[in-house]
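> Sharing a structure with you now.
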Amino acid sequence: MNLKFYNLIFFISFLICCIHGQRYLPVEGGKCEKYIGDGDSGKRICNGYLANPDSVYVHNKTQQETLKDLRSLINLLELNNPSKECINPSNYKIMCAMMFPECIEINGTNIVKPITLPIYTCNSFCKEALVTCSVPNTIASCDGGTNLPIQLPYTPIEWVKYNLTIYGGVDDYRVNCTDPTLISDSGSSSEIEVGCVEPLIKRPTNDTKGDLEKGYFYVNSQCVINCPVTGMHPKSVWNQIFKINDVLSSISLACTLILLFTFGILNPKLNRFDKKNLFFIAGVFGMSVSGVLIAANGSEKTVCPTPERYAVNTDRVCVASGFLVHFSALFAILWWTIGLADVYYGIKFVGKKIKIKVRYYLLATLTISLAFTLVPLGTGQYQAGLSNVMCFLKDEIYQSMTFFVPLGICLTMGTILMILVMREIYVIVKSNSTSSSFSSSSSKSKSKSKSSDSISYLKLQVKPMLNIILFYFTFLYLFLFVRVINSRYQEYEDSAIPYMLCLAKGGGDSCRLKGPSAGSLGYFAYCLRIYGIYLFIISFLSSRTIKIWKESIILNNAFVTPIIKFIDSSFSNRFSSSKNTSTTQNSTLNNTESDTSKRGNSSAVSINLESRNYNTDDDDL
């Protein structure tokens with residue numbers, strides 16, 4: 001019974017010791033030093049907030065290293081909660097007392113050598129500071145934790161004890177913890193100014209939600225993220241991406257203008273194919289114009305009107321470019337789908353056309369494109385955002401419903417039609433091979449003629465198919481890029497805490513937020529602006545285009561015609577043969593002319609077929 005009673009007494013005593021924070025600590029062998037001051041950072045830290053600046057305890061770090069850690073801790077508090085409830089003299093005293101504890105020196109007749117000990121800050125005040133600054137215990141804790149991003153000094157609950165017998169002292173020397181809030185301010189009770197660590201920009205506000213609508217992205221009530229986000233990519237990388245966007249937009253604009261002028265104005269007779277192609281080119285032209293609008297206004301200035309603000313629906317150039325690229329992209333993808341359907345129908349039924357007037361296609365494409373763009377325009381959706389190189393739809397729901405759903409439908413239809421086209425090509429080629437191998441002489445001629453027409457028509461569809469495939473893969477990338485970015489949004493958002501910790505520790509420009517890679521952003525700009533150049537290479541560099549220009553008034557007038565004849569004559573004289581050519585050379589020349597004549601006849605047949613394809617399917621708009 002007595003044994004149980006003593007055990008109970010021992011347990012209660014142990015519990016009381018734990019509650020009051022009794023703990024034996026080893027003598028670390030530190031030293032007392034005078035506080036060196038806050039340094040030349042221009043920001044006040046501990047001057048006036050220490051109980052005894054003439055004697056602070058220094059152990060395993062220099063004061064400069066400790067001061068750096070303290071700055072990181074204060075930066076963290078300011079980033080997390082820059083309000084007066086957190087950033088105030090009381091919390092500064094607590095932080096300074098924790099990092100630079102007062103030092104006491106123990107001497108005595110029995111003490112072998114002087115002993116230096118710290119006066120720790122009480123645990124309750126440490127916790128109070130973290131609570132008022134809303135610091136989560138996953139970042140820093142007053143109860144210790146070796147795996148936390150911010151390591152805080154030890155804070156006892158009430159007191160600590162030391163065993164000083166090896167120094168000639170007592171075995172239970174007690175040192176009470178201190179209450180830093182009782183430290184005299186020494187005339188330093190003025191309000192503390194909150195700063196922002198680079199590259200964040202200071203812009204105090206009482207309405208972060210309202211200012212977000214104006215284009216300011218706050219990390220707290222005092223600091224905004226800079227624009228463009230140098231925490232995601234260095235400024236030089238952003239400039240390169242902007243330059244890609246500007247250059248490709250300008251070249252694409254010039255290319256599509258030439259195509260519109262060639263097939264819309266110089267072309268003596270517009271056929272059904274030309275009309276559809278012109279509307280498709282017009283869509284690509286609009287996409288190029290949106291890029292040139294941004295370039296003319298300054299890409300960075302358009303996306304970032306000021307270094308601390310992103311463009312929103314009150315910035316006219318941003319809204320105009322966003323609306324135009326949205327409308328034009330939808331308009332182009334719709335005509336792309338129509339063109340692909342025509343190619344499939346023409347290959348399936350060799351040279352036949354879908355009997356729908358172009359005017360009805362135009363009415364449908366305009367209606368759909370306007371319906372999906374006027375709604376976002378009316379709700380103020382066109383604006384720039386974090387990690388963007390252009391102005392587009394802000395909310396994911398609008399992105400999905402007014403752009404990516406119709407784009408996805410068109411791409412799905414395009415995928416199906418392309419598979420069907422490939423199947424028809426396979427059938428034609430296989431049929432041609434089979435008929436040439438197994439047909440009788442009488443039927444073989446008819447079959448061969450039919451297969452020849454199919455193959456010839458198929459050859460005429462090479463460029464339209466190349467056009468369709470290039471457009472398919474560029475828009476497929478745009479579709480997948482934004483889908484992937486949206487799916488990784490939480491991952492990017494989670495990187496904000498490590499980024500803030502890095503900034504708090506003074507990482508500056510070396511700190512990185514997760515986001516789309518520079519390569520993916522650059523390729524996004526490339527895909528969005530390159531298509532006008534693709535169109536020019538495919539459509540302009542053809543025999544038909546050369547014929548249109550040769551027969552146009554631009555090259556057939558009193559001023560230009562003599563110049564062309566002179567150039568032709570100069571080249572003819574330069575490369576003409578010598579009069580004293582040998583018989584062998586003459587023979588070779590005759591053979592060459594004969595071959596040229598044959599090729600000319602072959603070309604004539606090809607031109608006839610091409611002419612039949614383009615000019616026999618006239619259709620009133």
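Cβ atoms are placed via backbone N, Cα and C, with glycine included.
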> For the set N60, N297, say which residue Swiss-Prot annotates with N-linked glycosylation site.
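Among N60, N297, the one Swiss-Prot marks as N-linked glycosylation site is N60.
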> Do the topological domain labels in Swiss-Prot for V317 and D342 match, putting them on the same side of the membrane?
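Judging by the topology that Swiss-Prot records, the two residues are on different membrane sides.
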> From the list N206, N586, N601, pick out the residue that Swiss-Prot labels N-linked glycosylation site.
N206
> Among C17, C18, C32, C46, which cysteine does Swiss-Prot link to C96 through a disulfide?
C46
> Pick from C103, C122, C126, C133: the cysteine that Swiss-Prot pairs with C32 in a disulfide bond.
C103
> Determine the Cβ neighbour count for C96 (disulfide bond): the number of other Cβ atoms within 10 Å of its Cβ.
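Counting Cβ neighbours of C96 (disulfide bond) within 10 Å gives 25.
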> Any same-chain residues 6+ apart from N176 (N-linked glycosylation site) with CB under 8 Å of its CB? Would you list them in sequence order, or say none?
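Within the chain, N176 (N-linked glycosylation site) has Cβ neighbours under 8 Å at I119, E158, W159.
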> Measuring CB to CB from C46 (disulfide bond), give everything in the same chain under 8 Å that is also at least six residues away in sequence.
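In sequence order, Y35, D38, P53, L70, Y92, C96, M99, F100 meet the Cβ cut-off.
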> N163, N206: which of these glycosylation sites has the highest Cβ count within 10 Å of its own Cβ?
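The largest 10 Å Cβ neighbour count belongs to N163.
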> Looking only at the domain 'FZ' (27-166), how are its residues distributed among DSSP helix, strand and coil?
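Per DSSP, the residues of the domain 'FZ' (27-166) fall into 41 helix, 21 strand, 78 coil.
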> In whole Å, how far does the CA atom of C32 (disulfide bond) lie from that of N60 (N-linked glycosylation site)?
12
> Count up the helix, strand and coil residues in the topological domain 'Extracellular' (486-520) according to DSSP, in that order.
23 helix, 0 strand, 12 coil
> Six or more residues out from either end of the transmembrane segment (401-421), which same-chain residues have a Cβ under 8 Å from its Cβ atoms?
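326, 329-330, 333-334, 336-337, 340-341, 343-344, 347-348, 368, 372-373, 375-376, 393, 465, 468-469, 472, 475-476, 478-479, 482-483.
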